[in-house]
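Below is one structure, written out as structure tokens, with a few remarks after it.
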């Protein structure tokens with residue numbers, strides 16, 4: 001059996017106004033090589049950008065990988081590690097029987113994570129973690145760039 005490539009992914013989301021213009025930032029490290037990605041959206045939320053960042057990163061991987069994915073979003077980490085199991089059993093409803101917010105992105109993140117072995121890590125934001133700080137700059141810059149791209153799944 002072939003050993004999976006070990007990829008370190010760092011993600012962050014940003015939103016000015018929440019809702020407002022938003023963006024995501026990604027830093028990916030593999031064997032000393034670094035790739036950065038970011039994009040902005042005209043009207044979205046911080047939580048949607050926190051979810052979209054790992055989705056884009058995982059979807060960019062061309063083969064199954066061992067991933068260490070680090071984010072400062074407890075919402076994303078708790079959701080994918082804990083809450084999603086109950087949501088799926090309940091037909092994407094919360095324990096209060098209300099529809100899961102951002103269900104389009106949760107379904108996409110669930111699908112994107114299936115082919116990989118992922119260690120979901122949390123890091124405190126704005127605490128000097130180099131890759132997280134870089135992701136924050138990428139996400140904020142994308143949000144501040146006056147993006148015109150719509151976030152098609154955003155529902156006010």
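Backbone N, Cα and C atoms are what each Cβ position is placed from, and that goes for glycine too.
Marked as domain 'RNase H type-1' by Swiss-Prot on the basis of sequence analysis: 3-144.
As annotated by Swiss-Prot, Mg(2+) 2 binding site applies to 12, 136, with the evidence given as sequence analysis. Other Cβ atoms within 10 Å of the Cβ of residue 12 (Mg(2+) 2 binding site) number 30 in total over all chains.
The annotation Mg(2+) 1 binding site is assigned in Swiss-Prot to 12, 50, 72.
Taking a C-beta cut-off of under 8 Å and a sequence gap of six or more, residue 136 (Mg(2+) 2 binding site) has these contacts in its own chain: 12, 14, 25, 125, 126. Note on the domain 'RNase H type-1' (3-144): its mean pLDDT in the predicted model is 97.
Within the set of binding-site residues (50, 72), the lowest number of other Cβ atoms found within 10 Å of a Cβ is recorded at 72. Surrounding the centroid of the Cβ atoms of 12, 50, 72, where the record places Mg(2+) 1, the chain contributes additional residues within 8 Å, namely 11, 13, 14, 49, 53, 71, 73, 76, 125, 132, 135, 136, 139. In the three-state DSSP assignment, the secondary structure recorded for residue 12 (Mg(2+) 2 binding site) is strand.
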